[in-house]
Amino acid sequence: MARKSQVPSAYYGEPRKFDPTFRGPVYNRGCTDVLCCVLFVIVILGYIALGTVAWIHGDPRKVIYPTDSTGQFCGQKGTPNAKKAILFYFNILKCASPAVLINLQCPTTQMCVSKCPDRFATYTDMQLLYRFNKSHWDYYKQFCKPGFNNPQKSVAQVLRDEDCPSMIVPSRPFLQRCFPDFITRNGTLTVANKTAFKDALDTARSVTELRDAANGITSIHEAKEVGMKIVEDYASCWYWIVIGLFIALVISLIFILLLRFTAGFLLWFIIFAVILLVAYGIWHCYWEFAVLRETPGADVTISDIGFQTDLHVYLQLSQTWLVFMVTLGLTEASIVLMLIFLRKRVRIAIALLREGSRAISYIMSALFYPIITFVLLAICISYWAMTALFLASSGDAVYKVASGNPNCKYANQTCSPESFNRTNITKQCPGAQCLFAFYGGESLYHRYIFILQLCNLLVFLWLVNFTIALGQCTVAGAFASYYWARRKPADIPPCPVFSSFSRALRYHTGSLAFGSLILAVVQLIRVILEYLDHKLKGAHNAFARFLLCCLKCCFWCLERFIRFMNRNAYIMIAIYGKNFCTSAREAFYLLMRNVVRVAVLDKVTDFLLFLGKLLIAGSVGVIAFFLFTRKIPIIQEEVPVLNYYCVPLLTVILGSYLIAHSFFSVYAMCVDTLFLCFCEDLERNDGTTAKPFFMSPGLKRILGKAEQSPKKSRG
């Protein structure tokens, strides 16, 4: 087998020379990148301190429970509002004010109640009826301020002091808030069969005004509405989701076992199964599109209806299914074209995966290492989420002046509820109130909450990337010990996964942290760019949008490149035990000296594994689709009715893909490690008795053909 490099070695370093003492992964090694290791430990201690400070100052109840005008939580156990879990607005008509969107608060008194009103009533009507039946006051006063019990007080004084609402309307709880109970009858919007009513001052009001006021509030809580419905769906069908993920786990395990013995047949089966699965998706989308095209009103475009909280609306549009069909069609065409033009490489990649299966059969414990990665990632995500929640809920109650008068100069200024009535604000701005606005503060800690959130995100990304890097280095070290074993399996060290994990954690924490930090910084920049892009969506500065788009594209490419280089650097660290920069440089030079093999073999192997993950996720997804849409007659009655069946469906599909990915990632790392070791072996040895190859005859035959193919094409 010829060993000439495809790229002149002068550009990418000299190939390694024969070393008779080299026997695979270096066991006598020292610590690398110690400075970065020390920094990493300090950052972790600082992260623990940040979480502790956030836990001391934060209070998640501020996010979970609605808060009344006095800053008290609604529905919190152990408080006077324990049985009052719903927020009631005294004058919901004021919520139609632009101040709702500007200051994120409705300029009216808000109090906690146990239930919403179920009838129309005004304070004036109550006073008239109270003379004949005291029960009218007993009902009305539950929506007045606690302690107020003077139904004889004049309407003007009650409205001035905000003792009671001027009127109540039939409402229902929504997002733990009382909203008018709108019902459409014969195309007309009504509340309790009424389209008009009068307030306490005998002013005519329409249901349209109530709708506008409710929209002023719901525009703020729209996202929370979707979130609450999604939580309800998860609560009602979580066990079906678990069953779906368990099925994906079983299929993945069966697939791994079959791959050991029937790699060729199974991978070709995957290829054609994915093609048929996508073809079925195209047919189904076309069928839905053809039916809706003949349905009146289904030709409305997605842009015309805008954002809708009811996701079923989009599935009633023909354009939605057209988009799905085109997307699946492009996917199908891409897969078929790749198979046509890379069919020879696909056969070689299948043989390479068969060799990887042989390696995994000797180190089966590597298949279960993703469980450790999953647990570590779950800890990182949970700690980050809790820290972010406690940071977001840090601070004391802040009260601000709320006035319906746009000319009030005190509007949105900080105030104190205890001394507000003694100031001259109420005289200069009639009707102004001192209402709870949000939680915050003026201390140094509160001023830098946003910076602390960014630090929380950066350390989280760092820890996540470190966890992944630790797994990659561990698995690479285990399979490198397999490759460089002269007699397989006799020379494979005992407990190769545990030994590799111990070496990586003991000697190379600094190197893994170094590579992870570089990737985390790039990811943080990408997050910031996405945030800026979201903020500039309404801007008309075309140049700024173009520049931001270019930056996003560049940093996306940079992140992909760094991921690729880090992965190969960790393999070199696992083999030679050198620092990160040296390992990254040597891995880069080695790959560039074998660039043709990298391009046509390594990536084709990744493509085949991706098809396997796609097949598992797609198969479980099809079953979940028929399950959640209640189209399986045997268990139709057992499946709960969902608000958005697509949410648990996507959860099952994504979860199945991640489960398959966790198993297949071991295969991918095995193939990458074997490939890099093969390139090293090819440069160190020549196959003679004095310099024998470490590679197996099967691997030599596979990659020998891969090397000869470019020469034939050049000839």
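Using the three backbone atoms N, Cα and C, a Cβ is placed for every residue, glycine included.
All annotation found in TrEMBL is predicted automatically rather than curated by experts.
From a predicted model like this one, the values you see are computed outputs, not experimental measurements.
Record features (TrEMBL):
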TRANSMEM  34-56  transmembrane segment
TRANSMEM  238-258  transmembrane segment
TRANSMEM  265-283  transmembrane segment
TRANSMEM  321-342  transmembrane segment
TRANSMEM  362-386  transmembrane segment
TRANSMEM  459-484  transmembrane segment
TRANSMEM  505-529  transmembrane segment
TRANSMEM  541-558  transmembrane segment
TRANSMEM  607-629  transmembrane segment
TRANSMEM  641-660  transmembrane segment
Contact call for the transmembrane segment (459-484) and the transmembrane segment (607-629): at least 3 Cβ pairs under 8 Å, seq gap 6+: no
Chain residues outside the transmembrane segment (541-558) and at least six past its termini with a C-beta under 8 angstroms from it: 522, 525-526, 529-530, 532-533
The transmembrane segment (238-258) in contact with the transmembrane segment (607-629), cutoff 8 A, at least 3 CB pairs, sep 6+: yes
Distal contacts, the transmembrane segment (607-629) - CB-CB under 8 A, six or more residues away: 237, 240, 244, 247-248, 251-252, 255, 267, 270-271, 273-274, 277, 335, 338, 346, 349-350, 353, 635, 639, 642, 645, 648-649, 652-654, 656-657, 659-661, 664, 667-668
Contact set, same chain, for the transmembrane segment (362-386): CB under 8 Å, 6 or more residues outside the stretch: 47, 51, 256, 456-457, 460, 463-464, 467-468, 470-471, 474-475, 478-479, 482, 488-489, 492, 495-498, 501, 662-663, 665-666, 670
Chain residues outside the transmembrane segment (321-342) and at least six past its termini with a C-beta under 8 angstroms from it: 271, 274-275, 278-279, 281-282, 285-286, 288-289, 292, 302, 315, 600, 604, 607, 611
